[in-house]
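S.K.: Following this message is one structure expressed as structure tokens.
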Amino acid sequence: MTSFDCKGVQAPKAVSLFSACIAILLCFLITVGNSMIIWVIYKDPLKKLKTPFTYFIINLATADLIVGLVTCPIYAVSLIQEYLECLNGDLAKLMHMTFFISCTASILSLIALSLDRSTSVLCPLKHSSYFAVNRCRFITLEIWVLSISITLVYLKIGFLYQMVVFAGAAIGISFIILLVTCFLVFKRTEQRNENRRRSRAMSKDDLLDIQTTERCVLTHAFLYVILFFIVTYLPATIMIYLLEFFQSWDCIVRHWIRDLAIFFVLINSSVNPIIYTIRLKNFRRSLRYLFLKKKRGDSMNTSRTRSIRSSTFLSSTTNLDFHSTRPLTKFVNTENTVDSL
């Protein structure tokens, strides 16, 4: 977004410098948060996180991690170059490419998550067959192939025009996903509650209620992800349309709008780790377990090092005492020999 046409007028240096500082902070938050998600799910210490749902969560976190490791740093460097008045157009193109790839992968991952949650709620018995591990891997591969293919269109039609089309499609798709998933979830939950009120058989019904509760927790977490996606992308979309259709506005105002639009997109990539930590109990427990295990391991290593040092000190002291008493023993033996004579 640093290369849109504003009649050759550069952004004020204060705007570029302030935006660069905010971008660097967001880079750090996005990278740390999404790396934590991938790390916890990969380790899975409690063996409760490797599900079809978390496959697509990892995909979403990977897309956000690309934003934190590539798109956001390039954006920060572009703002610094803009501040120094030596902006590189090729660097801006690279930023646009990674931006479209990661955002497209995020939207496709949200679509996959919506299908997973809808199937889990509507057809719980067939969910595991519909979303087998190999099928989830294939869907993940297809998401990235489509993301790269769609991004190549940018090279033909330009950045701002693609942003107008892309942002509108993103908001429309995610809003439809939110409405449909909410409707299906609440309708199914209502049916479950009604069935539970009618029959009070404890064994199978209670087990079914537990499974339903777990599915609802995952679905509610997904709904929060979609909701925050809309909350952050909707203002960004409005600002992008303002940049496109009101090009006669003051260039300083347009530069501020440009930076705010990209900040809203970056904030979305930093919000998801917070949602998973707050809403998913198994994720929270796994994260706590890994940190406590690491802390216990560090304390055990420290105590082991101390015990090794103390044992080394004691052995060296024993050897020193042994060597120091040998001449005395010889002297005593000599005196005993003289007395006997």
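From the backbone N, Cα and C atoms, a Cβ is placed for every residue, glycine too.
The domain 'G-protein coupled receptors family 1 profile' annotation in TrEMBL covers 33-276. Sequence annotations record features per position, and here TrEMBL assigns transmembrane segment to 17-41, 53-76, 96-115, 136-157, 163-186, 221-243, 255-278.
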S.K.: By a Cβ-Cβ criterion of under 8 Å, what residues six or more beyond either terminus of the transmembrane segment (96-115) are in contact with it?
M.R.: 1, 53, 56-57, 59-60, 62-64, 66-67, 70-71, 74, 139, 143-144, 146-148, 150-151, 154, 159, 162, 166, 170, 173-174, 177, 180-181, 222, 225-226, 229, 265, 269
S.K.: Do we see three or more Cβ pairs under 8 Å linking the transmembrane segment (17-41) and the transmembrane segment (255-278), pairs being at least 6 apart in sequence?
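M.R.: Yes, the transmembrane segment (17-41) and the transmembrane segment (255-278) are in contact.
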S.K.: Which bits of the chain, at least 6 residues beyond where the transmembrane segment (136-157) starts or stops, bring a Cβ under 8 A of a Cβ in it?
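M.R.: Beyond its ends, the transmembrane segment (136-157) has Cβ neighbours at 52, 55-56, 59, 63, 96-97, 100-102, 104-105, 108-109, 112.
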